[in-house]
């Protein structure tokens, strides 16, 4: 294996063994605390432009299979592990992690102190980083990282280019693709929904022309304020069509209703985040992946109420509109990877659609 360097914006340089593609890569360095699920992490479009550190010390031990992809094309910019398993043992395994990354032009680095790296990100926040095999002076590499531009077009990068239909005989759902995980689509098709997946910039007029029973806003990468067209779309459909937002979709609903968002120091990424459901008075374990969060105090004076909050840092994990049929959660109810405590939210979404239809019939 060739030696590879991971260069951080704060001047720290880690040297380890390269695997995957032999290419230079730049991005935002983050960490994920999941013990399993690296395939879903690598193929989750929400990680677009990021170099992900896996905190679990052994990665790759069950290989890559054909069942657990969250998208066909991965958008991750690199992966950092303590130890790479080169001999996966699992009956579903089709190829090694190394071979998959190499085929998709994604570099990886192993053999570094991921615990030290994670503590650095936790203490100093996410930062720009570069993975390189180049033998250049440290000062030159650090300057290159510091001068990397900020990404502002991740949603455009990961969203579908044109609409497509996944037929079903149930409710007609428009799924606005902001970086959709396939698991969200699976949850809807499991419930026999007729799903039309549309691009992020499809617009309210075109969506309403489809006459959907409900609209779902998916997960996605980046700052919600970088997609103002989505905020405008949500404002236009709010109160007309029942709406359910996940992750980035949750933040967009908040912005559309007058609340605000901010970037977190190092975000929530993992499959073990406890959340308190304030309406049901119960705790659920959730899978999360986000850098931005709805500001708690910004919700006062809006028509939104907090329905769920994190038990780790009390950040906003769920909101609901006081008047209109609309709610959202910050975490991933479809899990994959993660605990299966919250898929019931898809059922609540369909129930909300039914109740909304009943009210329309009463007042018709």
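Including glycine, each Cβ sits where the backbone N, Cα and C put it.
Just so you know, TrEMBL annotations are computer predictions that nobody has curated.
Annotation source TrEMBL lists region 'CPSase' at 1-171. Annotation comment: TrEMBL describes 2-132 as domain 'Carbamoyl-phosphate synthase small subunit N-terminal'. According to TrEMBL, the L-glutamine binding site annotation covers 46, 220, 222, 248, 251, 289, 292. Taken from TrEMBL, the feature active site, nucleophile covers 247. The active site annotation in TrEMBL covers 332, 334.
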Those active-site residues, out of 247, 332, 334, that come within 10 angstroms of residue 220 (L-glutamine binding site) at the Cα: 247
Local confidence of the region 'CPSase' (1-171) - pLDDT mean: 96
Of the binding-site residues listed as 46, 248, 251, 289, the one whose CA lies nearest the CA of residue 332 (active site): 289
Length of the line joining the Cα atoms of the residue listed as 'active site, nucleophile' and residue 222 (L-glutamine binding site), in Å: 11
For residue 334 (active site), the three-state class that DSSP assigns: coil
Residue 334 (active site) and residue 222 (L-glutamine binding site), Cα-Cα, nearest whole angstrom: 20
Surrounding CB atoms that lie within 10 Å of the CB of residue 334 (active site), all protein chains: 24
Maximum Cα-Cα separation (Å), residues 46, 220, 222, 248, 251, 289, 292 listed as binding L-glutamine: 14
Cβ-centroid neighbourhood (8 Å) of the L-glutamine site, 46, 220, 222, 248, 251, 289, 292 excluded: 178, 179, 219, 221, 224, 247, 290, 291
List of residues, in chain order, with Cβ under 8 A from that of residue 292 (L-glutamine binding site) and at least 6 apart: 223, 224, 248, 251, 261, 262, 263, 264, 267
Three-class DSSP secondary structure - residue 292 (L-glutamine binding site): strand
Site of maximum Cβ density within 10 Å, from binding-site residues 220, 222: 220
Under 8 Å by Cβ from residue 289 (L-glutamine binding site), same chain, sequence gap 6 or more: 32, 41, 44, 46, 47, 219, 247, 267, 268, 269, 332
Cβ-Cβ neighbours of residue 332 (active site) (radius 10 Å): 27
Residue distribution over DSSP helix, strand and coil in the domain 'Carbamoyl-phosphate synthase small subunit N-terminal' (2-132): 26 helix, 46 strand, 59 coil
